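Novice: Starting off with a structure, shown below.
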Amino acid sequence: PRVCVVGSGPAGFYTAQHILKHHDGALVDIYEKLPVPFGLVRFGVAPDHPEVKNVTNTFTQTARSQRCAYYGNVTVGRDVTVPELQQAYHAVVLSYGAEDNRVLGIPGENLPGVYSARAFVGWYNGLPENRDLKPDLSCETALILGHGNVALDIARILLSPLQLLRKTDITDSSLAALACSKVKRVWLVGRRGPLQVAFTIKELREMINLPGARVLLDPADFKGLESAVRDAPRPRKRLTELMIKTALEKPVEMQAAAAGEVPPREWGLKFQRSPQEVLPSADGSRARGIRMALTQLEGSGDSAKAIPTGDVEELECGLVLSSIGYRSVPLDPAVPFDSQRGVIPNSSGRVQGVPGLYCSGWVKRGPTGVIITTMNDSFDTAQSVLEDLQGGVLDISPSREGFGLVESILHSRGVRPVSFSDWEKIDAAEVARGKAAGKPREKIVDPAEMLRIIGH
């Protein structure tokens, strides 16, 4: 059986890995629109979290398997359609993730100084489409809308001492911009309360321990939470206890402040505030602040809803980052898509109404969870493919040409794919450039330059 996987992030690689491991004869081809593989492991994981990127070692082993091939620089839906892939393969798995972001839907959202978290993360992580973002970091106060791990990542990057970032694979140009940044205060704002934050304890602890940054938490926000959290699941309980402890204790910085030393930077969490409007500067040329509706919670736990109370509050800030979630987009008219939920309708990864078509990862279940969540989800989809092969649902008696057919289609359209050994040349060039600068790698952010390196 010939199987094709669209997307080379964690979902794509884990799906391929599981199929290859549990079917001795399957051949798997992975297609990726960028010349370089690994999706959000390369472009989403924070530069100062190198240990999370170690999964690429496993992905590299998969890609080097005799029964696996990687074809980068191929945009499915444009260079080759999904129906064309279905003619070339017995099964097609869509694992292309979430390449858009949710919008706030409020006035002023498009003012200069307002950015999506997705674009900002892409900028400092070297995602080609965000390389020219040039965020304006000339203000003192930044406000991040959202209480997830991505919001904490951004706050940490904005406030981290430069000597810490210099040792990471953050891009050269974003490091230069951060070196000139005037941002010294970051607020993370959420519509709901401390019991509904979506970040995890590891990320919170890292933020609390950030050198040279003071934490601003209002003890009033945490009143009575000890009893409310008593029966909560252990991760939620530990996370809330850490916030309460941090809010109530007088940290070293407070003692330093009493002695007249002011820490250069600070960050804090604001709760039960929902953005209403980004306020323009007097000349209307850029963002100068945000108006927020104060909310009260109806219900409890994860299902609590934030209802506006009628009161509003304004906060001055020159930089607004919206971290309210990523969003998947439809890939090809031939593939059903639920635009309300931003997913491909499926059952255990089997795309509804299209036999032989599957999906895994964020496009299957929505943009939530960490790499391990995606791994389990992808194994689940791969299992569906294996069951359908075993049960004869997927007929493999007609032989399929696989890449042989796709190659002639791509050739006729003037598209030259990038192989995994091509990527290894780009990888070597990045590592060599990084070594010269004392970094693990210096990412190449221009696809044209990537293609030049491999002589395309």
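We number each residue from 1, going along the chain as drawn.
Cβ coordinates are placed from backbone N, Cα and C, and glycine is handled just like the others.
Worth saying up front: this structure is predicted, and the values here are computed from it rather than measured.
According to TrEMBL, the protein carries these features:
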type    : residues                                       : note
BINDING : A11, E32, L40, V76, W362, G369, V370, I371     : FAD binding site
BINDING : H147, G148, N149, V150, R191, R192, E203, G369 : NADP(+) binding site
DOMAIN  : 2-158                                          : domain 'FAD/NAD(P)-binding'
Novice: Cα distance, G148 (NADP(+) binding site) to L40 (FAD binding site), nearest Å?
Specialist: 16
Novice: Between G369 (FAD binding site) and N149 (NADP(+) binding site), how many Å separate their Cα atoms?
Specialist: 10
Novice: Need this for a regression test: binding-site residues H147, G148, N149, R191, R192, E203, filtered to those with Cα within 10 Å of I371 (FAD binding site). What's left?
Specialist: none
Novice: Provide the number of Cβ atoms within 10 Å of the Cβ of G369 (FAD binding site), excluding the reference atom itself.
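Specialist: Result for G369 (FAD binding site): 14 neighbouring Cβ atoms inside 10 Å.
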Novice: By a 10 A CB contact count over all chains shown, which of the binding-site residues listed here is most packed: L40, V370?
Specialist: L40
Novice: Round to the nearest Å and give the CA-to-CA distance linking W362 (FAD binding site) with E203 (NADP(+) binding site).
Specialist: 21
Novice: By a simple count, how many Cβ atoms lie within 10 Å of the Cβ of N149 (NADP(+) binding site), its own Cβ left out?
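Specialist: For N149 (NADP(+) binding site), the 10 Å Cβ neighbour count is 17.
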Novice: I'd like to know which of these binding-site residues, A11, V76, V150, I371, is least surrounded, judged by other CB atoms within 10 A.
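Specialist: Result for the binding-site residues A11, V76, V150, I371: minimum number of other Cβ atoms within 10 Å at I371.
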Novice: Quick one: of the binding-site residues A11, E32, V76, V370, which has its CA closest to the CA of E203 (NADP(+) binding site)?
Specialist: V370
Novice: Please list residues from the chain of H147 (NADP(+) binding site) whose Cβ is under 8 angstroms from its Cβ, counting only those at least six apart in sequence.
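Specialist: Set apart from H147 (NADP(+) binding site) by at least 6 residues yet with Cβ under 8 Å, we have L188, V189, G190, R192, Q196, V197, A198, F199, L269.
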